[in-house]
Amino acid sequence: MAHHAKETMELIKELVSIPSPSGNTEKIIRFIENYVSEWNVEAKRNNKGALILTVKGKNDAQHRLLTAHVDTLGAMVKEIKSDGRLSLSMIGGFRWNSVEGEYCEIETSSGKTYTGTILMHQTSVHVYKDAGEAKRDEKNIEVRIDERVFSADEVRELGIEVGDFVSFDPRVQITESGYIKSRHLDDKVSVAILLKLIKRLQDENVTLPYTTHFLISNNEEIGYGGNSNIPEETVEYLAVDMGALGDGQASDEYTVSICAKDSSGPYHYALRKHLVELAKTNNIEYKVDIYPYYGSDASAAIRAGFDVKHALIGAGIDSSHAFERTHESSIAHTEALVYAYVLSEMIAE
């Protein structure tokens, strides 16, 4: 199990190194298309730019759909300030303090990129008395561009404009002790898990019991990634995302998390019990948990009116929507549960 996880971690490292804030995911979708190009899998994009990979199964009348999202948190240039700094507008839900001091990349509409650093306007303690107390918000957070610019006009001469995407340096690192720490493990850990699952099924010449779709969603962080283009034959919908850690939570960095309920309400009870039973039968370490401020592509599909049985699982991710970390054992247990699930019979309830 650990051997598979180590290979998956190398793929995660590749994925997090490709900037893909919600709304600007073309590069990483193209990377995945190339990655699967020689596999026996049908690949097509929907109009939103997401990628749907389909593996035919014995039963083509009832389908399964698994999803993981490739879009991440990020920002957009909100204003070019008179001193040559940039103010930002958030993409996705995070706190400004979680990106303060982070290196970033600004991508212009022509595709040219510039580097910079996200800072408080009142950063220097030698100048600003309120450097520590000033509010971390859209007014005070700005980007210092790594170019010799002193005015808005000079910034515009570089090709930078309002609406340009800003991505955060992931600073990915795999440790000897089995951790991977990086930004954007939510949800590129799960994307890597699904891609490695498809490859394993092909290498082992496994025929799935049901035709199964793998949706690489690209708008989850803004609420509507996996809420459309669901084949009408789909009966079960499994979102592979993450388990969130913190006070009062059961999830950890070493097991697979199975979600009972999030901000959208309970997930399908019988399907959740099926996943728990699969974990027990296959000696997969798991935790059942509730996430009070969380939503997934599966819950978005339910809200959109799709008649599916929905569930949510994922690796346990520490410090979600900040500088994240998980362990190879959590990845391994998540891989094992997803593998057991796609080989299992559908629930009758």
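We count from 1, first residue shown onward.
Keep in mind that glycine also has a Cβ here, set from the backbone N, Cα and C atoms.
Caution: TrEMBL annotation is automatic and unverified by curators.
Per TrEMBL, the features are:
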- HIS69, ASP186, ASP241: Zn(2+) 1 binding site (BINDING)
- ASP186, GLU221: Zn(2+) 2 binding site (BINDING)
- GLU220: active site, proton acceptor (ACT_SITE)
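A map of TrEMBL features onto the structure.
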residue	record	Cβ within 10 Å
HIS69	Zn(2+) 1 binding site	28
ASP186	Zn(2+) 1 binding site	24
GLU220	active site, proton acceptor	27
GLU221	Zn(2+) 2 binding site	24
ASP241	Zn(2+) 1 binding site	30
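Shown in sequence order, ALA68, ASP187, SER190, GLU220, GLU221, ALA239, MET242, SER296, ASP297, GLY314 are the same-chain residues outside HIS69, ASP186, ASP241 whose Cβ sits within 8 Å of the Cβ centre of the Zn(2+) 1 site. In terms of C-alpha distance, the listed binding-site residues HIS69, ASP186, ASP241 place HIS69 closest to GLU220 (active site, proton acceptor).
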